[in-house]
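What follows is a set of notes on a single structure, which appears directly below.
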Amino acid sequence: MRTGRVTPGLAAGLLLLLLRSFGLVEPSESSGNDPFTIVHENTGKCIQPLSDWVVAQDCSGTNNMLWKWVSQHRLFHLESQKCLGLDITKATDNLRMFSCDSTVMLWWKCEHHSLYTAAQYRLALKDGYAVANTNTSDVWKKGGSEENLCAQPYHEIYTRDGNSYGRPCEFPFLIGETWYHDCIHDEDHSGPWCATTLSYEYDQKWGICLLPESGCEGNWEKNEQIGSCYQFNNQEILSWKEAYVSCQNQGADLLSIHSAAELAYITGKEDIARLVWLGLNQLYSARGWEWSDFRPLKFLNWDPGTPVAPVIGGSSCARMDTESGLWQSVSCESQQPYVCKKPLNNTLELPDVWTYTDTHCHVGWLPNNGFCYLLANESSSWDAAHLKCKAFGADLISMHSLADVEVVVTKLHNGDVKKEIWTGLKNTNSPALFQWSDGTEVTLTYWNENEPSVPFNKTPNCVSYLGKLGQWKVQSCEKKLRYVCKKKGEITKDAESDKLCPPDEGWKRHGETCYKIYEKEAPFGTNCNLTITSRFEQEFLNYMMKNYDKSLRKYFWTGLRDPDSRGEYSWAVAQGVKQAVTFSNWNFLEPASPGGCVAMSTGKTLGKWEVKNCRSFRALSICKKVSEPQEPEEAAPKPDDPCPEGWHTFPSSLSCYKVFHIERIVRKRNWEEAERFCQALGAHLPSFSRREEIKDFVHLLKDQFSGQRWLWIGLNKRSPDLQGSWQWSDRTPVSAVMMEPEFQQDFDIRDCAAIKVLDVPWRRVWHLYEDKDYAYWKPFACDAKLEWVCQIPKGSTPQMPDWYNPERTGIHGPPVIIEGSEYWFVADPHLNYEEAVLYCASNHSFLATITSFTGLKAIKNKLANISGEEQKWWVKTSENPIDRYFLGSRRRLWHHFPMTFGDECLHMSAKTWLVDLSKRADCNAKLPFICERYNVSSLEKYSPDPAAKVQCTEKWIPFQNKCFLKVNSGPVTFSQASGICHSYGGTLPSVLSRGEQDFIISLLPEMEASLWIGLRWTAYERINRWTDNRELTYSNFHPLLVGRRLSIPTNFFDDESHFHCALILNLKKSPLTGTWNFTSCSERHSLSLCQKYSETEDGQPWENTSKTVKYLNNLYKIISKPLTWHGALKECMKEKMRLVSITDPYQQAFLAVQATLRNSSFWIGLSSQDDELNFGWSDGKRLQFSNWAGSNEQLDDCVILDTDGFWKTADCDDNQPGAICYYPGNETEEEVRALDTAKCPSPVQSTPWIPFQNSCYNFMITNNRHKTVTPEEVQSTCEKLHSKAHSLSIRNEEENTFVVEQLLYFNYIASWVMLGITYENNSLMWFDKTALSYTHWRTGRPTVKNGKFLAGLSTDGFWDIQSFNVIEETLHFYQHSISACKIEMVDYEDKHNGTLPQFIPYKDGVYSVIQKKVTWYEALNACSQSGGELASVHNPNGKLFLEDIVNRDGFPLWVGLSSHDGSESSFEWSDGRAFDYVPWQSLQSPGDCVVLYPKGIWRREKCLSVKDGAICYKPTKDKKLIFHVKSSKCPVAKRDGPQWVQYGGHCYASDQVLHSFSEAKQVCQELDHSATVVTIADENENKFVSRLMRENYNITMRVWLGLSQHSLDQSWSWLDGLDVTFVKWENKTKDGDGKCSILIASNETWRKVHCSRGYARAVCKIPLSPDYTGIAILFAVLCLLGLISLAIWFLLQRSHIRWTGFSSVRYEHGTNEDEVMLPSFHD
């Protein structure tokens, strides 16, 4: 569309220039995916992470300050590989760096220059730290620019090949421990690739990145003859816009086809996909079909069945069937493969088509730039017109650029072509190829809406133009129209040819206007104020700017500004005139902010408008002089013009509006459908020029319905020509800030806008940002299904298509729609209660009843708007009140709506409604009132069309009086699913009989696990009708739901969640496939089936019964003649088939349908050979599925499929009406497992027994399961089924997995299978008295002390145990469990003879198991208290012995192995024995202590983690007692503290605890202030300390030494200051880098270690104290002698005994008298 006359080569090159004018097309360096710094405007600092906090530092370009936008609006920091996030669960310190897969809030969006996330937290800077605050105005910018952080949004990078079907990259993605934020290269992939999900290692989803490439290498195929390169994305399935963006991101475009040769090349590709997108679209409002690369649309190959002139619901994108080469219009949101295309030759110089050239023509001809034009006054056919032009030496007009179109529209027709005019464009080919009659090349096409519409296989086709834009239309060449002739004129060489413009240099003429560029950059308005009024004028200005600025990026001021900073832009006064805004040409994401002035850009976005700062920004100017008076503007509608009936307005509006909401329409629609709906009425979706209009518009709408609504408006950017800018669908220019910056994200795909309308008054309680939430719009994907509003100018009359049902407003104005009912508010006359009831009845309605919170809220709001706050209005009491929650206050909820007054009268007002509805009123009071009609009148005539009801057409499948349609919508809510079915002219399925149930089941294969059916009700009402209004006469709810206490969560503010809706379950092989579940209607489930009714009943699913019919993998044939069972066998053999075996619910349902429709029973291949004890299939298949009738009074040996679909026994010699034969195809059932050796019983009326290995299983749902069923009752039931059956036991992991598989067939409605575990003799065992040799408890060893518990196997394979302590939990367990019985066909051999013995002798020790949850240290202590040790292993036999203990116990157990420096080489046994045997092959798990798991798995765990027990052993031989000397010269031991022992001149003490080095020093100081960590002076002391540790061993042989290395001189020294005169380093650490040291007591060597790592024993050392004991004894003896002497003297004085003195006695102090013997143990 952008060229004049160019050659084919130049036309091909034109593509690149046009693409380069797109902001979306540039290579990745300008795509917005590049890293940047984040600058705080006030401080100029940049933020960066520091230990997961975010701090502000001086800016630099280093990696530690670089950030990047990545997928899902996350900010990724390059160096830390983390994302900026907010943990809203924390009140403070909530902003941090998180892993990019964290569940905290990681998304960020921009609002002007601020950055915000969830709950309106904004990024702020406080005291040098980045914080999140709800009250901040901090401004953030990209480093090196004035742009906000979202100025260049993140662009998706799409993929090909791989296994992601073209989905875009997910950045960052995780591989190993590295997060990648860009595509990566490696040898395993053919090009740069990325993951398409967050974790590549988990999902393994990937694709080759589609990045810009120069030339046609790599993914591209070159065709030099055509001059283009092609990229065939055959496995990549995208929507049209996604495919378009994928091509654009590579500097290419979607496929366009311009000749039969190119069509043949594309369709001739052998490996091309069957259907591929074309770039053909009509996404630009008010324009026709065009190529997305803007090449002329002159070649066409439409499919004959494609409506290129869409009616309501039409499509605006095109695809090609590559087998036929035909083009089809399809929904732009459908998913197709695609082909990208780009030109080979990228060089192009466009011809000058805009320079004014003075031209001379004959009288009556219009001169313009070298050509002469003549508009004929007469009408002729195209051929006659062509001949007449030839007679003038001219030809019919050809147009090659917008400059030519402008001449036609503005000069020939004065701005409006009111009647069609012939052009010289004509097609005589099939496929169509349009050519100019003058032989010039077609370089421009300018099609009108829905054009070119070429009749199939009918030529010739000719082209006319019409309308204000002069757009083109295909017409019959015989039609008589006026025409324009064109010929070359005489170019005048006169220098005064531009005399219309001022004589100054630089003025350029365009039409009757002159323009000049002022080359000095200046602020806004310095030179002049340029106005731009049309697309033609914009194109001319682009030409001027491009010629002026061919290399630099300059800006040129326009006169557009927002003087009041309201976000509303208008032209400044120019030449004394202020013009209205009639045209806009914004760049993408513009207008970005209010209060600015608008400049035009150059370069790759030539001519696009951008908002700039009026004062600080400097740009060039273009001044404009108009030589002739401006034409008066067309008469606009007046505010007081009337609106049509049923349309609404507000005083300041020039438009009328009509709302199409879900209560009044058949279905919600996507944006295109809604716009075409409005166009069919002569209207458009709404447009706005001022923000005040929006508020008034929302105020107008919010009283017309209840609840929150999203409504389509006309704002969109669907067309590639818009280059990412917004436009209104009615061509109203965009003159205001229409989209908040926060909603400009995802601009590549979200191309249509909707406005939110909701009620305000009730929201103040819980909404903090009411003004923002009150009414705003945001972009949606255009395929979203929403309600909409149509807009028509005031004074206009809407069109009335046949399908439209115009609204009758009524005498009291338009109704308000609330929850599916119409309400009229009758303000006059005032009547009493009974009169009001009669008045409503006379108008086919009722006095309004309030039954819900939503209804109350909506009515209250309406009353507040139309009457005084205290004005009372009559309402009616509810006859069947619905129990609903609603908000009574901020503190409490009212659980019962108080509408239960019977015949009493009620009124309410907007202010006192709560009091009003709680008391009776005076029934005779005269009041206004509210009438209600329950069935809303639809604005669309939706009742199934009689013609459509005759038969089921196209993809609809007939059954009886219904048609069923398979659809695949993905997960949707119930209301969305219902709307989708409405869009097909149907409803969700209603299941009215067993026959319909079977038919639906037969359609279920390949569908999702759960799908909606048309049943909806509340928890407080009885289910009695389907959504198609049919009575509920049949139900098939899953038996597990019977009697179950139901708990479906509801969202208080989501009305839909208060309703329950039904699902049909697709459980694959399960016999319960087809049963119904129910859930909240707001949940999302699959929609797979819709239905509609047909007047003709289809009674035969296949017409000819002699014909074989395929269903799934089998061929079936019905023999319709009387047969015995054996006769049926022979008949099937004659057909080389078998009597049918039914092995799954789908086959059963399919065949049951045949029996139902024919009302005939049929023999099937099931019979008994042992007098009805067991039944089997005649072809030897396993009986794994059954459908026995509930009662079968008489048992016989053969089986029929009866007319009700159930199996019943019959006498084999009876004649039945027929039989079903089949030929099995590829078997769908799994092959019988090799280990399934058991032959299971198969009695009548029993669920089939399922074989696995040597056992048979029966999974049951008991009839009274909602009542308590004890394990004993389950055991009794099993014994009744079979004498050898018992309740379920599980012997190994394979059996556990098998049972889980069976449980999952219940689709999580059942959560457990009950296990047959009982409690006897203080231990758990199976009901058959065998031991639990295999267990899989969820929480480890259960703590059970009695038999009051239930055990069950869960859907995740773990075993759960539930005690009877909590009644609710026990009942929940009962109601969500199924029972299972088991027959072990081979007697189970209990290898261990029951439970594990308490003591187990082995070699020189006795072993026992601590059977309780303990840490490693607790286990060590428990073993020690019983006089033993944790077990150790020293040879393979010992390893097998311990592993056997663990296997028999069934739980992971601690052993005595630990490491205290974190390395495997330092493992030690806690009993002090040598680590001389390694019992594992590898031990990679973290942790310092070792657990032995069942199956012989040795694993490292954290020593403080809790395990299910430990293995202890106690040696049979006692340890040898060793004594050490305790000296009085050593300190006295503190209470419970270690004893001091003497060696040489020092005392030594050690506790039984492990310490770090710093702790060891502290411990010694606490024992005695002069004690230090042990120092060693010689070999003897070294041996003493080592022996002391071995004899008092505990956990480890590592002992801290008080020897450390100085950092300065690297010398070693003892902590007590002594010189280092003796060392004994082990060889392997002699040159180690540790600065501390330990003694290894086992080999008496020293090792260098790091001071801060590991743990060891602490030995403290202190010098001997002086010996004061002898002195004390002597002093005590002397005192005693003194006392004795005094006593003797006293006695002598009393008895006068004579003193003779003491005998001579000598006392000698014993050398060892102060020594005691302390016991110790020796190995």
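Every residue gets a Cβ built from N, Cα and C, even glycine.
Fair warning: this is a prediction, and the values are worked out from it, not measured in the lab.
Reduced to three states, the DSSP call for Cys194 (disulfide bond) is strand. What Swiss-Prot records for Cys169-Cys194 (among others) is disulfide bond.
Marked as disulfide bond by Swiss-Prot on the basis of similarity to another entry: Cys183-Cys209 (among others). Other Cβ atoms within 10 Å of the Cβ of Cys183 (disulfide bond) number 21 in total over all chains. Cys183 (disulfide bond) falls outside any helix or strand according to DSSP and counts as coil.
What Swiss-Prot lists as disulfide bond is Cys247-Cys340 (among others), and the listing cites similarity to another entry. The DSSP secondary structure for Cys340 (disulfide bond) is strand. Annotation for Cys340 (disulfide bond): same-chain Cβ neighbours under 8 Å, separated by at least 6 residues, are Tyr230, Gln231, Asn233, Ser246, Cys247, Gln250, Ala252, Asp253, Leu254, Leu255.
What Swiss-Prot records for Cys317-Cys332 (among others) is disulfide bond. Using a 10 Å radius centred on the Cβ of Cys317 (disulfide bond) and all shown protein chains, the other Cβ atoms total 29.
What Swiss-Prot records for Cys389-Cys485 (among others) is disulfide bond, and it gives similarity to another entry as the kind of evidence. Around the Cβ of Cys389 (disulfide bond), 25 further Cβ atoms fall within 10 Å across all displayed protein chains.
Taking the Cβ of Cys597 (disulfide bond) as centre and 10 Å as the limit, one finds 25 other Cβ atoms among all the protein chains shown. The disulfide bond annotation in Swiss-Prot covers Cys597-Cys614 (among others), and the record cites similarity to another entry as its basis.
According to its DSSP assignment, Cys678 (disulfide bond) is helical. Taken from Swiss-Prot, the feature disulfide bond applies to Cys678-Cys790 (among others), supported by similarity to another entry.
Residues or ranges marked as disulfide bond by Swiss-Prot on the basis of similarity to another entry: Cys752-Cys782 (among others). Annotation note: Cys782 (disulfide bond) sits in a coil segment as assigned by DSSP. For Cys782 (disulfide bond), the number of other Cβ atoms no farther than 10 Å from its own Cβ, over all displayed protein chains, is 28.
The Cβ of Cys1061 (disulfide bond) has 25 other Cβ atoms within 10 Å, all protein chains considered. According to Swiss-Prot, the disulfide bond annotation covers Cys1061-Cys1081 (among others).
Just so you know, the Cβ of Cys1212 (disulfide bond) picks up 17 other Cβ atoms within 10 Å once every protein chain is counted. Among the features that Swiss-Prot reports, disulfide bond is placed at Cys1198-Cys1212 (among others), with the record citing similarity to another entry.
Annotation source Swiss-Prot lists disulfide bond at Cys1489-Cys1503 (among others). The Cβ of Cys1503 (disulfide bond) lies under 8 Å from the Cβ of Thr1415, Trp1416, Tyr1417, Ser1458, Gly1487, Asp1488, Cys1489, each of these being in the same chain and 6 or more residues away along the sequence.
A sphere of 10 angstroms centred on the C-beta of Cys1651 (disulfide bond) encloses 15 other C-beta atoms. Cys1651 (disulfide bond) carries neither a helix nor a strand DSSP state and counts as coil. The disulfide bond annotation in Swiss-Prot covers Cys1636-Cys1651 (among others).
As a whole-number mean, the pLDDT of the domain 'C-type lectin 2' (368-486) in this prediction is 93. Positions annotated as domain 'C-type lectin 2' by Swiss-Prot: 368-486.
What Swiss-Prot lists as domain 'C-type lectin 3' is 493-625, and the listing cites sequence analysis.
Positions annotated as domain 'C-type lectin 4' by Swiss-Prot: 652-791.
What Swiss-Prot records for 1111-1223 is domain 'C-type lectin 6'.
Ranked by CA distance from Cys317 (disulfide bond), the recorded positions Cys194, Cys678, Cys1061, Asn1077, Asn1627 have Cys678 at the top as the closest. Cys169 (disulfide bond) has Cys183, Cys209 nearby among the recorded positions Cys183, Cys209, Cys614, Cys678, Asn1594, counting only those with a Cα within 10 angstroms of its own Cα.
Take the disulfide-bonded residues Cys614, Cys1081: by the count of other Cβ atoms within 10 Å of each Cβ, the lowest one is Cys614.
A gap of 66 Å separates the Cα atoms of Cys209 (disulfide bond) and Asn843 (N-linked glycosylation site). Sequence-distant neighbours of Asn1594 (N-linked glycosylation site): residues of the same chain at least 6 apart with a C-beta under 8 Å from its C-beta are Ser1470, Gln1552, Arg1657. Comparing the glycosylation sites Asn377, Asn865, Asn1321 by how many other C-beta atoms lie within 10 angstroms of each C-beta, the top residue is Asn865. A 10 Å cutoff on Cβ-Cβ distances gives Asn1077 (N-linked glycosylation site) a total of 17 other Cβ atoms nearby, all chains included. Around the Cβ of Asn843 (N-linked glycosylation site), a 10 Å sphere holds 15 further Cβ atoms from the protein chains shown. Taking DSSP states H, G and I as helix and E and B as strand, the domain 'C-type lectin 6' (1111-1223) has 24 helix, 35 strand, 54 coil.
For Cys194 (disulfide bond), the same-chain residues that are 6 or more apart in sequence and have a Cβ closer than 8 Å to its Cβ are Ile157, Thr159, Cys169, Glu170, Phe171, Phe173, Tyr180, Asp182, Cys183, Ile184, Trp206, Gly207, Cys209. Cβ neighbours within 10 Å of Cys790 (disulfide bond), excluding its own Cβ and spanning all shown chains: 26. For Asn529 (N-linked glycosylation site), the nearest neighbour among the disulfide-bonded residues Cys389, Cys485, Cys597, Cys1198, judged by Cα separation, is Cys597. Taking Cα separation as the measure, Asn1627 (N-linked glycosylation site) is nearest to Cys1651 of the disulfide-bonded residues Cys782, Cys1061, Cys1651. With DSSP states grouped into helix (H, G, I), strand (E, B) and coil, the domain 'C-type lectin 3' (493-625) comes out at 21 helix, 42 strand, 70 coil. For Cys678 (disulfide bond), other Cβ atoms within 10 Å of its Cβ number 26. A simple Cβ count within 10 Å picks out one of the glycosylation sites Asn135, Asn529, Asn1627 as the most packed, and that one is Asn529.
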